[in-house]
Amino acid sequence: MKIIDGKELSAKIRQTIKQEVQEIKEHGNRSPLLSVILVGDNPASQSYVRGKENACLSVGMENRTIRLDANISQAELIQVVRQQNEDPDVDGILVQLPLPDHFETNPVLDQISPDKDVDGLHPVNAGLLLAGRDGLLPCTPNGVMEMLKSIGLEDLSGLNAVVVGRSNLVGKPLSLLLQQKNATVTMAHSRTKDLAQICSKADILIAAVGRPKMITSEYVKAGAVVIDVGINRMENGKLCGDVDFEDVKDKASAITPVPGGVGPMTVCMLLMNTLKAYKEHESYGR
Ligand SMILES: Nc1nc(=O)c2c([nH]1)NC[C@@H]1CN(c3ccc(C(=O)N[C@@H](CCC(=O)O)C(=O)O)cc3)C=[N+]21
């Protein structure tokens, strides 16, 4: 069994991003810039935002973190998003989620200019993905596709993929990407009947449900590739995936760990999206 190391793979991809950013700057061009908007002082969000700042630093990209008081209004937050839309130095905008309770998330995200939507969550980018057209892809699904590619799974013709979880963030877009690469995709979820039986037909099994260790060996076909998107924080503070790693690892041909799996790939794809947005901005003007 092979462990697909997301830390190692993301470091490798970051290296190529870093080189490209370096060349951009060497030619006297402005640097790509990611703007992160953080509302309130949720400790987990602060720690994630620090991770994104470090990631930008590691590839030589500019980073701007806008820290806002938890008590600002929806209208004030939207004003900040609009300022970033209009700022020609900004290539990517990310509003850290979750927002404090009194905000309505979707109306805020809808304000982000689709060409700066490096989270790939704007309805325009979701629509482009559905239509099979070029846009900014959501980071976690894109990171999963990169992991599959890293083990030689690029064309998925003839393979059954089962995605457990149908969220807008992961399950839904990932199902579309897998299908785009010719996999036969089953979108399973909490109401699916005989879930274990359906999962056990998968050549590629994706767990994106948010239930710690739910996927045990009875869900896994011998030789399957198992991708664990779950990041669950346990009472003891440790992270744990949706897959029971110890139970599944000897049955799978390849498996991703948590931590050190899909998580680091998500941040890496954020950098990739920012670079992509930068290139579009520079070639088409703003
Ligand atoms: N607008 C927005 N976009 C996001 O992409 C977004 C967000 N809001 N809000 C929060 C979630 C969560 N998220 C993670 C990214 C990387 C790791 C990651 O790298 N995790 C490490 C471990 C980190 C640790 O130890 O806490 C790992 O899995 O190895 C985890 C979680 C992005 N999110």
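Quick reminder: no glycine exception, Cβ is built from N, Cα and C everywhere.
TrEMBL does not curate its annotations; it predicts them automatically.
Annotated in TrEMBL:
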- G165, R166, S167, I231: NADP(+) binding site (BINDING)
- 4-119: domain 'Tetrahydrofolate dehydrogenase/cyclohydrolase catalytic' (DOMAIN)
- 138-281: domain 'Tetrahydrofolate dehydrogenase/cyclohydrolase NAD(P)-binding' (DOMAIN)
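Features per TrEMBL, on structure.
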residue: G165; record: NADP(+) binding site; contacts (Cβ under 8 Å, 6+ apart): G171, A188, H189, I206, A207, A208, V209, G210, V229
residue: R166; record: NADP(+) binding site; contacts (Cβ under 8 Å, 6+ apart): K172, S175, M187, H189
residue: S167; record: NADP(+) binding site; contacts (Cβ under 8 Å, 6+ apart): A208
residue: I231; record: NADP(+) binding site; contacts (Cβ under 8 Å, 6+ apart): L239, G241, V258, P259, V262, G263
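Note: the domain 'Tetrahydrofolate dehydrogenase/cyclohydrolase catalytic' (4-119) comprises 58 helix, 19 strand, 39 coil (DSSP; helix = H, G, I, strand = E, B). Proximity to ligand 1 at the level of Cβ atoms, with a cut-off under 6 angstroms, picks out I231 from the binding-site residues G165, R166, S167, I231. Within the domain 'Tetrahydrofolate dehydrogenase/cyclohydrolase NAD(P)-binding' (138-281), the DSSP-based counts of helix, strand and coil residues read 54 helix, 26 strand, 64 coil.
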